[in-house]
Amino acid sequence: WSHQSGSLVEFVVILVATLMLVYYCEFTDTFRPVLQGFQCKDPALSKPDPGPEQSSRVQPVVLYSVVWGLPVISGVELVLFLLHNSAHLYDQDKVVMVGDCCYVNPMVRRTFRFIGVYAFGLFSTDIFVNAGQLVTGSLTPHFLSVCQPNYTALSCQDTPLFISQSEACTGPTPDVMRARKSFPCKEAALSLYTALYLTVYVMSCVSTRAGRLSAPLFCLSLLTLALLTGFNRVAEYRNHWSDVITGQAVGGAIAAFLGACLCLVLCDNNILLWWSGGGVRGAPIQRRPRGNDQEYLRQHHPH
């Protein structure tokens, strides 16, 4: 129990530290992007201004509601689904994890692990993306429309010059600063992270007969929506193709790594059988009792 308690405290400390770093990146001016120069009347940066993010087809409130709400709902519903479709797992769920001061249902612990690891990965994705945007200072396709440089004062009406002065822009400063953070695309990274994390977990851990069709259909729908989110960013001139692809690569890599690690812990042998092609459809998730679990089983389930 002391080992488990220490691991929990360590995880909470790391999660809180990650959350604080996200706060400083998102809601303060502590970190500012590198000021990149630009070519006068560069066609790649002269796309029309698509307007604020709230006017996008994929509004931030919708995106973040799905990114935060869907995994929580899916995690709880998945537990209820497994309990309903497996009598053995239902019996196993009655066994509690015994500690010195509390009793934790194994499925409750499983759900909190799923959500906790997901939250850590989501914060990590946000930090990686923010770091990339701040270090590169890459300009959006509509940068010149927001920057509104005075070409007459810059002496580049007829001759294309490379402008590196920080005072070249006359547009609103907040809009100009946002237009300097294009690479990689945060929306593409977060959406694909959510979709791929749930896909890895569901396809690796769900092996009931009822989930043969519904699970792949659910995962395919999530991945499709994530890809469409990236396509929409390009179509609205909010990001370049390279921004979207890199953002999806960052989110996908973090999701695949954390999802695989989580499944190795929670799904035991089922994930190995699934990857080897010998998955046992219809078999419940197996969990070997460890530590205090073994003592509890000997006392209450001698047979």
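For all residues, glycine too, the Cβ spot is worked out from N, Cα and C.
Among the features that TrEMBL reports, domain 'Phosphatidic acid phosphatase type 2/haloperoxidase' is placed at 115-259. Residues in the domain 'Phosphatidic acid phosphatase type 2/haloperoxidase' (115-259) partition by DSSP class (helix H, G, I; strand E, B; coil) as 102 helix, 2 strand, 41 coil.
If you look up TrEMBL, you'll see 7-24 (among others) marked as transmembrane segment.
For 61-83 (among others), the entry in TrEMBL reads transmembrane segment.
What TrEMBL lists as transmembrane segment is 115-135 (among others).
The feature transmembrane segment is assigned by TrEMBL to 188-206 (among others).
Marked as transmembrane segment by TrEMBL: 213-232 (among others).
Annotation source TrEMBL lists transmembrane segment at 244-267 (among others). Beyond the transmembrane segment (244-267), the same-chain residues lying 6 or more positions past its ends with a Cβ under 8 Å from any Cβ of the stretch are 110, 113-114, 117-118, 120-121, 124-125, 128-129, 132, 183-197, 199-201, 204-205, 226-227, 230-231, 233-234, 285, 287.
Relative to the transmembrane segment (213-232), the listed stretch 188-206 leads the set 7-24, 115-135, 188-206 in CB pairs under 8 A.
In the predicted model, residues of the domain 'Phosphatidic acid phosphatase type 2/haloperoxidase' (115-259) average a pLDDT of 90. Long-range contacts of the transmembrane segment (188-206) within the same chain: residues 63, 66-67, 70-71, 74, 78, 81-82, 114, 118, 121-122, 125-126, 128-129, 215-216, 218-219, 222-223, 225-227, 229-230, 233, 239, 243-245, 247-248, 250-252, 254-256, 258-260, 262-263, 266-267, 270-271, 274-275, 285, each at least 6 residues beyond the stretch ends and with a Cβ under 8 Å from a Cβ of the stretch.
Non-local neighbours of the transmembrane segment (7-24) in the same chain are 30-31, 116, 119-120, 123-124, 126-127, 130; each lies 6+ residues outside the stretch with a CB under 8 Å from one of its CB atoms.
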